[in-house]
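Below is one structure, written out as structure tokens; comments come after it.
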Amino acid sequence: MLVQRFRCCFANRQIERKCLTNSSHTTEIVLKNDMQSYGKSKSPFINAGPASALSIENLPTTQIQKGAEEAMKFLPAIGKLFIGLEPNGIEIDEEEKSCYISENKAICHASHTKKCVLNDRGSDLSEGQAHKQRAVFSDKPTRNEHLEQFLLFRDQEYVKEVISVLKTVKKEIKNNSWEHQDKNNENEIRKKETEKGCVDLQSLLIRCSEAVSTNDNKQAYELTSEIRKHSSPRGDCYQRLAHYLVDALEARLAGTGSDIYHELLSRQGNISDTLKAARIYHAICPFLRAWYYFSNQTIFNVSKGATKVHIIDFGIQMGFMWPSFFERLSSFGSAAPNIRITGIGFPEKGFRPGKLIEATGRRLSEYAQRFNINFKYQGIASKWENITIEDLKIDKDEVLVVNCLHGLKNVLDESIGRDNPRDKVLRLIKEIKPCVFIHGILNGSYGTPFFTTRFKEVLSKFFSFFDIYEATIPRGSEMRIHLESNILIPSAINAIACEGSERVERPETYKQWRARTIRAGFTQLPVDSTIMKKIENFVRELYHKEFFVDEDREWLRMGWKGTILFALSTWKPTDYETVDGKTK
């Protein structure tokens, strides 16, 4: 199309030249009429003299041709306008060809996978694909020996690894040139606050959210500017949180919340950084270990004597909780049951919506082989409300367990319609009749549609998380910045800056979840006293004294300084049937 357009352009110019030289009389009449009308007007841009003075017949032909030649200088050379110099319509220099081929060979060699296949040079060029980038996928699972000490829950190694991680973080700070700069920045901020009076960042943030909710953009931007003067990503927990929340408020004002949220999520795809972050999080927070132990032990309790166990894991993500499960199963030897895990996750953007789910399956298969477990895996990347019983491929002779740790908060609720997806997922779980439904939740109420109320709840809840990092990780730690900006803050950005179906962070309190789950047709089970005692012991012995674990209404609750952050519970369908104490 581009070539045809330029050809037409040049053809039209040739016709114009002939018209100018051979049909000057016709052109003169048109110009005379136009110039006479302009001459009668008092335009300052056209002389009011006789129109015949501007007649084209008074200009010599050579001058007209010269003007056309001058105009041609502004166009690229004719030879550069045409691409069709090869049968495929594309010409590539030999040097560029060789560079392209060698680069692709290097990529394929580095990927260690059969999925990257370099086509024959001739066929590649004949299809016009020479300049297209190839996606390179690696099927090789990523392992981290240090992280395994946390995932496998070997008590002695776990304690040693916690101590090792904390020493590493402190050593990083001593060798980090940022520490001195951080202290200087903090001193400058405190000096300004002393001169002008103490700045209440919480009040400024709330006032700014109120201005945003009433569309008072002028006031909102003035407040964001004021907040930025007193916030810093390397300050104390107040300054850090204010720095990120003001970004969220500005994103809402600009309408870019969804784009920023997905950009931050894409950064979480780096498996190496995620493993490092998980290692530190395990060392400073008891929440992950408590979730994993609670789920694993519950599954062991309900599957004693079974030959087949099918675990449907809603929100499996990287599957960090299952290596310890496999290791414990290996102690049963030949009596260990066959394990089948159906890992369910939300689809990712791009050409491979199930990329993370597939990688998790490969990683778990490696662990199962390592511990000699008969294991099968099925990955499903889909909106949870669209999953059917047929997709789950349930067998009648297997013990069925459903595990969901705080993933349902990302399923839309009744605010988007009467038949809301959240209740639809719960009805699906009830319909498949698991012997136990393990439900873990993030305890929060910032799923409300009222923006100012939602913002205040985000401010309160996320301050607790930032306060945990303040008490356990030095301010200069690069990994702390990674945990805050790439792991924790995306949820706050989504809750504040997104609306409608784009707002997927919709947590509820454990009391709200209790009422919703009962309405869906479930009966709550009591917390196992042995599990409760075990979690209480390791939280007290290994972690900061401000962490707490307690029980309320058959929920195991965990939090920080009196604020409930997470809760765990077990359920069974109300119409679940048993025969002689065994699942039917």
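Placed from the backbone N, Cα and C atoms, the Cβ positions cover glycine too.
Note that this is a predicted model, so its numbers are computed, not measured.
Annotation comment: TrEMBL describes 199-259 as region 'Leucine repeat I (LRI)'. Among the features that TrEMBL reports, region 'VHIID' is placed at 278-343. Here TrEMBL flags 359-391 as region 'Leucine repeat II (LRII)'. Annotated region 'SAW' per TrEMBL: 497-572, in sequence order. Taken from TrEMBL, the feature motif 'VHIID' applies to 309-313. Residues or ranges marked as motif 'LXXLL motif' by TrEMBL: 408-412.
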Helix, strand, coil: count each for the residues of the region 'Leucine repeat I (LRI)' (199-259), based on DSSP.
47 helix, 0 strand, 14 coil
Please work out the helix, strand and coil residue numbers for the region 'VHIID' (278-343) from the DSSP assignment.
35 helix, 13 strand, 18 coil
Quickly jot the same-chain residues contacting the region 'Leucine repeat II (LRII)' (359-391) by Cβ under 8 Å, restricted to those at least six beyond its ends, or write none.
139-143, 271, 314, 316-319, 322-323, 326-327, 329-330, 336, 338-348, 353, 407-408, 411-412, 421-422, 424-425, 428, 431-432
What counts of helix, strand and coil residues does DSSP assign across the region 'SAW' (497-572)?
28 helix, 26 strand, 22 coil
For the region 'Leucine repeat II (LRII)' (359-391), what are the DSSP-based totals of helix, strand and coil residues?
18 helix, 7 strand, 8 coil
